[in-house]
Amino acid sequence: RKVKSRKKLQRAAVGKMAIGGPFSLITHEKKPITDKDFHGQWLLIYFGFTHCPDICPEELEKLAEVTEILRKQKSKHKHSFQPIFVSVDPERDTPELVSQYIKDYSPHFIGLTGTRDQVAEMCKHYRVYFSQGPKVGDDYIVDHAIIMYLINPNGDFVDYYGRNKNAKEVSSAIEQHMNAFKETNK
């Protein structure tokens, strides 16, 4: 009992992590979009870039697998689930290029890009590090954080998932968060 009480107090003292916030970007369909457009949906957000040679494709394959697992479970949940890819390379990643890129992974993805300032602002809110590496001709790599962020239907950050979690572990954790949210928001 004392241990449970102590853990509860520790969680209360820490509070919520200040991750997430307002953003205004462009979709892969060239439509302006803000964080408010996603209100009422569960979001799983991944930041990457279309010229990424290895890590982004692996993580987007995982995101696609998580999406399929959760879509099969969707009748259990009141709120829809939306996977989102945000480009951290706005100089090269036009809406057209992002559109082609995400189609290779899932028809359910929404791809976002924008100006360098817009992308930097969103990354700042999500505490996503990104930095353009040295150019070799017109080519370069973008170093960036490799994390998926789970946002609840109220727009609050809930959890994050790194490369060490596979799709089944991520989808299971998300299911638990969805169930807890449903219980506390009846």
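Any Cβ shown, glycine's included, is placed from N, Cα and C.
Per TrEMBL, the Cu cation site holds C52, C56; the candidate it also names there, chosen from H144, H177, is H144. Report note: the Cu cation site is defined by C52, C56, H144, and the residues of the same chain whose CB lies within 8 Å of the CB centroid of those residues, excluding them, are F47, G48, F49, I55, E59, V88, V142, I146.
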